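S.K.: My questions will all concern the structure given below.
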């Protein structure tokens, strides 16, 4: 039966009021989210996005990289490249180098965050795959504070070259800590490769373990 608009509106308001009364009589607690104000919900979702990104790692001075030859990386193999990088850096600056990077060793990757003049991490970051690091050490005659690693860099034409990267740490202890952290990353990467089936024979396992070698002195 047709009803005027005012009567339909009154009927709707009466039904809504009765439903609200039923809800208030229920003993089950209403979910707490219903009592949150819109402003509070908005703050909860946006506040974490506004926080500055923090990085855990060791502040270092990145000395650069230099190509190296050979496939067998034994103790002392980074001495010559490190001396070359050290000389280039000492010619350009004083004996005291300000930290310009943050080295972060993760289970399967090494992140080198570049710092700005305020000492804060920038968006520029170099990434190294642990599986392509052939050797690392914190034992150098030119300075006990230097940590270096040999990395297999793959070019655009799929050829590769071995580069020696070096950083100067704040102390000898920090350099040793980086070497030990890298060794732990080696172990996790090796076990992951083995469990994924990328290492099949025992001989291949021995070769992989020799390639992922660390010498912390």
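Cβ atoms are placed via backbone N, Cα and C, with glycine included.
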S.K.: Check the candidates 202, 209 against Swiss-Prot and report the one noted as phosphoserine.
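M.R.: Swiss-Prot records phosphoserine at 202.
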S.K.: Out of 192, 203, which residue gets the phosphoserine annotation in Swiss-Prot?
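M.R.: Per Swiss-Prot, phosphoserine applies to 203.
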